[in-house]
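These come from TrEMBL:
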BINDING   TYR121, GLN182, ASN205  NAD(+) binding site
BINDING   THR228, GLN250, HIS253, HIS319, ASP352, GLU407, HIS412  substrate binding site
BINDING   GLN250, HIS253, ASP352, HIS412  Zn(2+) binding site
ACT_SITE  GLU318  active site, proton acceptor
ACT_SITE  HIS319  active site, proton acceptor
Amino acid sequence: MIRYLKTSKPVDAQAEIASQVRDVVADIIANVGSKGDEAVREYSLKFDKWAPAQFRLSDEEIAACVASLSTQELHDITFAQEQVRRFARVQKSALIDVEVETLPGVILGHKNIPVNSVGCYIPGGKYPLLASAHMSVLTAKVAGVKRVVAVAPPFDGKPHPAIVTAMHLAGADEIYCVGGVQAIAALALGTDEFTPVDMVVGPGNAYVAEAKRQLFGKIGIDLIAGPTETLVIADETSDAEIIVADLLGQAEHGVNSPAVFLTNCAALADAIPAEIERQLAVLPTAAVAGVAWRDYGEVILCDTLEELVEEADRIASEHVQVMTRDPLYFLEHMTNYGALFLGERTNVSYGDKVIGTNHTLPTTKSARYTGGLWVGKFIKTCTYQRVLTDEASVMVGEYCSRLCAMEGFAGHKEQADIRIRRYKKAI
């Protein structure tokens, strides 16, 4: 039996907030579309108190950001990017072009073609999330994208040096200090200063996510990322201290970040509330994490491993931390998750910052039908066909003609019939 010992805020309240966000975003996109750079500058001044003569950073400004970092900071960024690059290259190697003769004289194939231009949004208003530069810019470059544009909001009234450095080292071709919906709209629609891109990727707040939703179709997107989610699955072999550290470590992302504890151990479930309070008392980000836990934290008690898997797949969380006697059981049986973190020795923070897997992951149950950002998101798998002989064209054409007749497509049928008439003479 599955028992819900602590539940989250009702969905209705969340829906009301989402409706307000939609209206604000639609207005900003419309204004950027009609007024271009003027609107981008107005919104940047309004929301970020930032309106430079040019949003694009010069080579000198980028170099100054890099020079301002310590040797250790540069080493740490480089190390993290090496891990992301290494895994991205392995993933790319799994994508191969194919060509096969399916019938005598009939050649079918596909090519993997990188998107030509991509805009990468790097969040940085509340926390300077430089790791998002590795995950988006670097991954796009490994995929073979020719033009990668990186944007991030100002931090404390100026470009954040570590974010700019990470963008630059990851291989960004253009770097802009601008954030929010206005940045997404400028990348998608184009202005005098912003040449439009084919695709926009990267996480952001609710407004950025809604902007991507509304502009999808005009541009491609990676996914629509909602608030950060974490699910911790643990049994009696784990302990409340490490479980709560992993719950609050993700809850600090935002006051609407769900953190869920799923267990088959009643003693652990009972121990969580007191441990939450103990750790919140000393956590510097408790003002955020505490509200997130109060409103969106959950504790769920199951009886069996099968129920744990069933409930985890229902939740379809962005991050799933597994700390059980046999973590591989969940790798084998779970189907809905953004990323799995198997065993106590790893954790979501490793994945967010340094270990090499991508941290841009599906949220709000979209793990039911998609994975996260990876090189494949920047690559179009496009098919082609060739017919090498008259005999093959006639044979396929006769089937095609009859099938078109069944559907009532006269023009389609004639495309086949003209080839049958033409090539049958030569056989």
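Using N, Cα and C of the backbone, Cβ positions are placed for all residues, glycine too.
Mapped onto this structure are the features recorded in TrEMBL.
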{"residue": "TYR121", "record": "NAD(+) binding site", "contacts (Cβ under 8 Å, 6+ apart)": "SER132, SER136, VAL151, ALA152, GLY179, ALA183, ILE184, LEU187, VAL200, VAL201, GLY202, PRO203, GLY204, VAL208"}
{"residue": "GLN182", "record": "NAD(+) binding site", "contacts (Cβ under 8 Å, 6+ apart)": "ILE28, VAL32, ALA39, VAL40, TYR43, SER44, PHE47"}
{"residue": "ASN205", "record": "NAD(+) binding site", "contacts (Cβ under 8 Å, 6+ apart)": "PRO123, GLY125, GLY254"}
{"residue": "THR228", "record": "substrate binding site", "contacts (Cβ under 8 Å, 6+ apart)": "GLN250, HIS253, GLY254, SER257, GLU318, HIS319, THR363"}
{"residue": "ASP352", "record": "substrate binding site", "contacts (Cβ under 8 Å, 6+ apart)": "ALA131, HIS359"}
{"residue": "HIS412", "record": "substrate binding site", "contacts (Cβ under 8 Å, 6+ apart)": "CYS400, CYS404"}
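Compute the center of the Cβ atoms of TYR121, GLN182, ASN205, which mark the site for NAD(+); besides them, the chain residues with Cβ within 8 Å of that center are PRO123, PRO153, GLY179, GLY180, VAL181, ALA183, ILE184, GLY204, TYR207, VAL208, ALA211. Taking each Cβ in turn and tallying the other Cβ atoms within 10 Å, the top scorer among the binding-site residues HIS253, HIS319 is HIS319.
Fewest other C-beta atoms within 10 angstroms, among the recorded positions GLU318, GLU407, are seen around GLU407. For the substrate site, whose annotated binding residues are THR228, GLN250, HIS253, HIS319, ASP352, GLU407, HIS412, the maximal Cα to Cα separation is 55 Å.
Under the DSSP three-state reduction, HIS319 (substrate binding site) is assigned to strand.
Reduced to three states, the DSSP call for HIS253 (substrate binding site) is coil.
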